Amino acid sequence: MTMYNIQDHVVIITGSSSGIGLAASTLALASGAKVLGIDISNSPASLTANPNYTFFAADLSHPESAKKAIAACIAAYGNRIDGLLNIAGVMDLNQSADTVTDDMWDRCIAINLTAPVKLMREVIPIMRLRGKGSIVNVGSKASMSGAVSGVAYTASKHGLVGATKNVAWRFKHEGIRCNIVCPGGVAATGIRDGVDSTQFDSEAMEMMTVIHQAHASDHAKGLGLQPEDLAHSLLYFLSDLSKGISGAVIPVDNAWSTI
């Protein structure tokens, strides 16, 4: 299947071991791409035997992870990077500005904002040499709203929108596109892994209940999104099928972004 015209393209995908990242990696490989997958978890068993898949284990909150990941990609596939999918992310505990801990703030900003920017910093010089490249960041409903998550997650995802738009404008004349896809709640993403639900800011959660319920009803009606649904959106914006689209903020949430 080559429906996305990425045959032999070299694509870096973060969060590749589960959820949206795994679905996107699987679809990219099926479309003929060569993928460097990055994750803090183990390499996904379903992809390990694929000769076009290289796995790089990394905690993206570490300062040198981005640089080392790009070096691993070059070692595997040469000095060519066609695409970057910044998918890896972590949730907060819905903590408000008056309750957020330093650790929670630092981790959300490090993984959800700093790591994507560092990876873009590393791949853009390679893309500039080729005169072409496509970057797709993964945001959230929280990229456009202050009423769905805590202050750390919200700030990190708002910041990623700004970084996306800046990259899109700055490199628009060099064939490099940058967009951000903003999912709503997606089943089996793994983004809540390691989150202690008993530590959620219950007062803040109560304020957001009506917003969350509006989206939860989609799943109850069988309209909820799966990781594979997001993978198709991501591959579309990564590929030349979306030529001319850059700096866009694209909600993929069954209209949740309208409220």
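Note that Cβ sites are derived from N, Cα and C of the backbone, with glycine treated the same way.
As written in Swiss-Prot, here are the features:
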ACT_SITE  Y153  active site, proton donor
ACT_SITE  Y153  active site, proton acceptor
ACT_SITE  K157  active site, lowers pKa of active site Tyr
BINDING   I13, D59, R121, Y153, K157, V186  NADP(+) binding site
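Overlay of Swiss-Prot feature records on the structure.
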residue : record                    : DSSP (3 states)
I13     : NADP(+) binding site      : strand
D59     : NADP(+) binding site      : coil
R121    : NADP(+) binding site      : helix
Y153    : active site, proton donor : helix
V186    : NADP(+) binding site      : strand
| request: With NADP(+) as the bound species and I13, D59, R121, Y153, K157, V186 as its recorded binding residues, calculate the greatest Cα-Cα distance and give it in Å as a whole number. | output: 28
| task | Which residue among the binding-site residues I13, V186 has the fewest other Cβ atoms within 10 Å of its Cβ, if you could check? | result | V186
| remark: Row R121 (NADP(+) binding site), column other C-beta within 10 angstroms, all chains, value 13
| task | Restricting to the same chain and to sequence separations of six or more, state which residues have a Cβ under 8 Å from that of the residue listed as 'active site, proton donor'. | result | V90, M91, D92, C108, N112, S140, A142
| note | D59 (NADP(+) binding site), Cβ-centred 10 Å count of other Cβ atoms over all protein chains shown, is 13
| Cβ neighbours within the same chain of the residue listed as 'active site, lowers pKa of active site Tyr' - under 8 Å, at least six residues apart | N112, L113, G139, S140, A142, S143, S149, C182
